[in-house]
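Here it is, the structure in full.
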Amino acid sequence: MDLFRKKLAVLDLTHGGIPIARKLAALGNDVSGVDVYGTVDQALLGELEEKYGIRCSKAPLPVSDFDLLIAPVHLDPAYPMLIKARSEGKTVLSHHEAVGKILQADPRLSEIKIVEITGVKAKTSTASLLADMLSRSFKVVLHTSRGLEAWKAGIPFLIHRGLSITPGSILIAVEKSLEQEIRPEFFIFEISIGATGTADLGILTTLSPDYGIANNTSLASDAKLQLVLNARPGSTLLLNAGAEKALEAAKGSLAKVLTFKDPFCSDSYLKLADAPDFVLETESGAEKNLTLHFLRRGEELFSASLCPGYNSSAYRTAFVAASAAALELGVGLEAIVSVLEEFRGLSGRMQEKELNGVVLVDNSNSGMDILSAEKALEYALLKKKDEKKGNIILILGEEASQVCEGLPPGSVQGFLEKFGTKCRHIILVGERMEAVAAENASYAGSLPEGLQKASELAGTEDIILSSVKCFR
C-alpha cells in the first residue's frame, strides 16, 4: 500500500510521530496526529495544524475516518483506536514500516546505500566503528544516539545533535544531511526496536536481554524481527548467531543471510546447523592489551592489536559485527585493521578518562542497564586490584527526561543490596532514585551534578565509575 493521497492517522507524537506526520502531509496526504500520551505542548500541536495542515488531538479519533493508521510498535494494543482498527480490519502500519515506505519512494536516495542496525546492545558502537571503516573509502553519514555525523577519511563532522533513534528521526537525519548538500554514498542508521526494510545491509547486534513492550503484551525481540521479515529481496542480513528467533525468521528470507558469533555468547547457546560465518577470537598480550583474530568461515583474515585506555573487551560484539559488515560492503582489510587498532572507545561506553586528576570509568550512555552497571563495576574492581587504587565512587541512575526506557528503581535497589558495600560512596542520579535506599548513598539531579559531587568526594588514588542511563 502506497502512502499518497490517503487519509492517515499518526499515533504517538511523542516518540517520533511528528516527523512522520509532517513528511506524510508534505507528500499530499490528509494527516491527523494523535498525542496518545498527552505530552506534546499545545503550542506545538497548534503549529502542526497551522503550518502543516495536520489536525491534532489528545483524544482518540474515529477510526472510520481514516484509510489506515500508523502506530509505534510499543503502543499498548488496548489503546481505543487500535482496538477499533482490529475489529474493523483496518490496516495499521508501524512507524518503522511507514518510514520505510517514505524512504523507498524518495528518488534522492536511489544511489545511496543504506545500513540499518538494531538490537539491544552494541548498536552505537557497531555503527560508529562501521562508519569509520567505510569512511576510509566512501562518504558516510552516520545517525546514532550520539548525533548525526558526516564521516570522511576516518574523521567525523557533527551535522546535528539531539535526535532520538526512533524511526521517525531517520527522516530528519536525511533532510538535515541533504539540506547541507551532504550527499553520502552510505547512510548508517541506528534504530530502536526494529528496522524500516529499506536497508541494503541490515545488522542485528543482539536480541538479549529481552524485555516487554506495548504494556508487556509483546517482546522487543519480536519487534526487532522487522529487520528480517521486512528485508528487501537481494539485500544482506548480518545476524547474531545466538539470536535463534532471528535465524528461524530468516529461513524464508530472499535476502542473503550471514551470521557472526557473539563473543559474549557461549558455544552452548549456538544452535546453528552451520558454523557462524564470522568469528572473533581474542588473545591477551603484553601489558594486558588484547589482540583480535578475525576468522571468516574458519580462515583467519587478519589480526589487530588494540590500544590500551579503555575496556576493549566490552566492545567485542561491535568489533566482529562492524568488521564483518565492512568486509561485506567492500572495505579493504588494511582499513579495517587500522580502525580497530586506532580505536580508543566511545564516550560513555567503558572509556577511561580523567576528572580533575582522578580516574573516571565512563559507562553512562543510552543503552546502559543494570547488567551493564554490574559489568562496569566488575571492571572497576579489577582495575582497583591490579593497579592498587583506592576506593570506588559510583554514580548510578538515569536522566529520565532524556531516555524513554529508564533504569527501574527496583533493579537499582537490588544492585545496591548486592554490590553497594564494594563502593565507598554511591551517588544516585534522577528523581526516581530517591525511592532507593542505601547507607552510603546520596542523590543528584543530573549526571553533571553527580560528576561534580564525585569529584569532590574522590581522592587522587580513587576510581570514579559513572553508570547513568542518558543520551550522550
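Numbering starts at 1 and runs along the chain as it is shown here.
Heads up, the Cβ atoms here are built off N, Cα and C, so glycines get one too.
Keep in mind that what you see is a predicted model, and the values were worked out from it rather than measured.
Pulled from Swiss-Prot, these are the listed features:
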BINDING   Gly119, Val120, Lys121, Ala122, Lys123, Thr124, Ser125  ATP binding site
Could you work out which of the binding-site residues (Val120, Ala122) has its C-beta surrounded by the smallest number of other C-beta atoms within 10 A?
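With the binding-site residues Val120, Ala122, fewest surrounding Cβ atoms within 10 Å: Val120.
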Around the Cβ of Lys123 (ATP binding site), how many other Cβ atoms lie within 10 Å? Please give the count over every shown protein chain.
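Lys123 (ATP binding site): 26 neighbouring Cβ atoms within 10 Å.
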In sequence order, which same-chain residues at least six apart have a C-beta under 8 angstroms from Gly119 (ATP binding site)?
Ile203, Leu204, Thr205, Thr206, Leu207, Lys224, Asn240
What residues, ordered by sequence, lie under 8 A Cβ-to-Cβ from Thr124 (ATP binding site) and sit at least six positions away in the same chain?
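Those within reach of Thr124 (ATP binding site), by Cβ under 8 Å and sequence separation of 6 or more, are Thr144, Ser145, Arg146, Glu190, Leu346, Arg349, Asn365, Ser366, Gly367.
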So what sits near Ser125 (ATP binding site) in its own chain, CB-to-CB under 8 Å and at least six residues off in sequence?
Tyr315, Thr317, Ala318, Ala322, Leu346, Arg349
Using the Cβ centroid of Gly119, Val120, Lys121, Ala122, Lys123, Thr124, Ser125 as the reference point for the ATP site, which residues of the same chain not in that list have Cβ within 8 Å?
Ile117, Thr126, Thr205, Thr206, Thr317, Ala318, Gly367
Does DSSP put Ala122 (ATP binding site) in a helix, in a strand, or in coil?
coil
